[in-house]
Amino acid sequence: MERQRRFMSEKDEYQFQHQGAVELLVFNFLLILTILTIWLFKNHRFRFLHETGGAMVYGLIMGLILRYATAPTDIESGTVYDCGKLAFSPSTLLINITDQVYEYKYKREISQHNINPHLGNAILEKMTFDPEIFFNVLLPPIIFHAGYSLKKRHFFQNLGSILTYAFLGTAISCIVIGLIMYGFVKAMVYAGQLKNGDFHFTDCLFFGSLMSATDPVTVLAIFHELHVDPDLYTLLFGESVLNDAVAIVLTYSISIYSPKENPNAFDAAAFFQSVGNFLGIFAGSFAMGSAYAVVTALLTKFTKLCEFPMLETGLFFLLSWSAFLSAEAAGLTGIVAVLFCGVTQAHYTYNNLSLDSKMRTKQLFEFMNFLAENVIFCYMGLALFTFQNHIFNALFILGAFLAIFVARACNIYPLSFLLNLGRKHKIPWNFQHMMMFSGLRGAIAFALAIRDTESQPKQMMFSTTLLLVFFTVWVFGGGTTPMLTWLQIRVGVDLDEDLKERPSSHQEANNLEKSTTKTESAWLFRMWYGFDHKYLKPILTHSGPPLTTTLPEWCGPISRLLTSPQAYGEQLKEDDAECIVNQDELAMNYQEQAASPCSPPTRLGLDQKAAPQTPGKENIYEGDLGLGGYELKLEQTPGQSQLN
């Protein structure tokens, strides 16, 4: 009897390991297919279906196979046993079965209407990820890469517009979607499709907050390939990066909104408490991420880690990851922390790294971002069939489609009108139309929706979110190139040539009476540049003027301690260096790169310019169109473009 029991236990353990291997193998094959498809698309210059859309297609096919080609394997999984002596759910439970004690761990709470779907298919159950995997493993590399690869010159030049779209625009989208969905919910109650009280207004606002998270990864990838006008790219990229962080904190704030009396009534105290939570969590997460980046910058500045690039890269990665984990452990939002950690690391720490570490960190996070994004989009396709508690309601889905388009319009057009009143460099109508078109939903909305699927309203939200992501990625992502052509938006813009048309921030700071900036945030940019140039850069990096020349005399000992020896022989370049440089720039030792003690002495002088590279025919079709000012025209041959 004992031998049989041990045999059954070993068999169950082996079966569990087998299912885990099958799960990893499925995702491995999906990623292999996705990579081969990406190569095929790039080789044939096919832009009407992005790699994320292809990953979703493969996920759908695999989910369809798993759903209908696998048989039920676990009959006992849906059986409910009563434990009358337990008044709460313990984290671990020891159960004595025929004189053998087994340990079980708490997994999640299951509603009464979700018990029946648990009868049966263990493979489908295994293929349903723990939602925390998305937030703790897959999303941090994506968000960090967004901050680390930020082109800060254009970002700061459009800072006011980006903040307006990200904060005020997200709030507008949340409220508009919530109001429209509340109207449709009332119609569903009137039609008998919902019971009165199943869906509260706070649930509609919760859905509005998660659907306000835009993720135009498909559009931005095509923009990058075609070298679209940098202002449009920066506005859309900056909005999407900050919008993700705002939407996550906003979703959490709405979820903890709890009026004392009626959950469907407005409570001023609970409302202001939620607003306070939003501001406190966002500010705390920002401070946490920035603090870890400052610590990393100081460590890389005052140690000789640059002599050991492997150790330097490892420390950089672990401290960046610690920003996320520390924020989560402190009850803050790790996604916001890791975003601003990436931005600050790019601005300061990157300048202290050796050339090897610069290349390694850039490639490491670019690779992690690529894998994480494709795993999420593959899983989206899988989840349509492997998730066993879908609730599809035609009226709710119709309302959601209408709501996201109306909310996007209420976000972009009124805010652009207000911003243009104060901007010298206006946001043209074709930019506004493109931003309206680019309001795709993606990884963030999906991750927020799947985090809680226990109640029927949350299951309906999750199922609807999946359909919205599929539609926007396939339709809007695939229509990006034709839309650029129709709106006559510049492509092939050389960033360096575009920047020559605008005065640098340093020149603006020295010639305030002579010239007026073309950017709406110039005064803020000048103030920040001056403070950063005189104090922060010299403290945290090897560049900038010596602190002995900028701090008061009584700070002499501290100034000498914090000033790098390289600062006495180096002057900060007139134009602030870009955060991330590409391989060609690293190869020629980019002229605006800050001093690093481990960098080779060879560098371009201040008055030297790299020879311009004339793009060949292949590069033109790939999107590297040279000098810019062109309009994209579609040829008769699909997937190709010509220049005007």
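Residue numbering: from 1, along the chain as shown.
Any Cβ shown, glycine's included, is placed from N, Cα and C.
The topological domain 'Lumenal' annotation in Swiss-Prot covers 1-20 (among others), and the record cites a curator's inference as its basis.
Marked as transmembrane segment by Swiss-Prot on the basis of sequence analysis: 21-41 (among others).
What Swiss-Prot records for 42-45 (among others) is topological domain 'Cytoplasmic'.
Sequence-distant contacts of the transmembrane segment (46-66) (same chain, six or more residues past either end, CB-CB distance under 8 Å): 26, 29-30, 33-34, 37-38, 40, 123-124, 127, 217-218, 221-222, 225, 373-374, 377-386, 442, 469-470, 473-474, 477-481, 638-639. Sequence annotations record features per position, and here Swiss-Prot assigns transmembrane segment to 46-66 (among others) based on sequence analysis.
According to Swiss-Prot, the feature topological domain 'Lumenal' maps to 67-126 (among others), an assignment based on a curator's inference.
According to Swiss-Prot, the feature transmembrane segment maps to 127-147 (among others), an assignment based on sequence analysis.
The annotation topological domain 'Cytoplasmic' is assigned in Swiss-Prot to 148-164 (among others).
The transmembrane segment annotation in Swiss-Prot covers 165-185 (among others) and is backed by sequence analysis. For the transmembrane segment (165-185), the residues of the chain that approach it from at least six positions outside its boundaries are 194, 199, 201, 204-205, 207-209, 211-213, 235, 238-239, 241-243, 245-247, 250, 254, 395-396, 398-400, 402-404, 406-408, 410-412, 414-415, judged by C-beta separation under 8 angstroms.
Through the fold, the topological domain 'Lumenal' (186-203) approaches residues 178, 254, 257, 263-264, 393, 395-396, 456-457, 461 of its own chain, all at least 6 residues removed from its boundaries and within a Cβ separation under 8 Å. According to Swiss-Prot, the feature topological domain 'Lumenal' maps to 186-203 (among others).
The transmembrane segment annotation in Swiss-Prot covers 204-224 (among others).
Sequence annotations record features per position, and here Swiss-Prot assigns topological domain 'Cytoplasmic' to 225-235 (among others) based on a curator's inference.
Nonlocal intrachain contacts for the transmembrane segment (236-256), taken as residues 6+ away from its ends with a CB within less than 8 angstroms of a stretch CB, comprise 143, 146-147, 150, 155, 158, 162-163, 165-167, 169-171, 174, 202, 205-206, 209-210, 212-216, 219-220, 223, 274-275, 277-278, 281-282, 285, 333, 335-336, 339, 434-435, 438, 444-445, 448, 452. The transmembrane segment annotation in Swiss-Prot covers 236-256 (among others).
Annotated topological domain 'Lumenal' per Swiss-Prot: 257-277 (among others), in sequence order, evidence recorded as a curator's inference. As a whole-number mean, the pLDDT of the topological domain 'Lumenal' (257-277) in this prediction is 72.
For 278-298 (among others), the entry in Swiss-Prot reads transmembrane segment.
Feature annotation from Swiss-Prot assigns transmembrane segment to 302-322 (among others); the stated evidence is sequence analysis.
The transmembrane segment annotation in Swiss-Prot covers 323-343 (among others).
Long-range contacts of the transmembrane segment (21-41) within its own chain (CB-CB distance under 8 A, at least 6 residues past either end) are made by residues 47, 49, 51, 54-55, 58-59, 62, 66, 123, 126-127, 371, 374-375, 378-379. In this chain, the transmembrane segment (278-298) does not touch the transmembrane segment (127-147); fewer than three CB pairs sit within less than 8 A of each other, excluding pairs fewer than 6 residues apart. Counted over residue pairs 6 or more apart, the CB atoms of the transmembrane segment (365-385) and the transmembrane segment (466-486) come under 8 Å in at least three pairs, which marks the two as touching. Remote same-chain partners of the transmembrane segment (302-322), defined as residues 6 or more beyond its termini with a Cβ less than 8 Å from a stretch Cβ, comprise 140, 144, 292-293, 295-296, 338, 341-342, 345, 349, 352-354, 356-357, 360-361, 364, 596-598.
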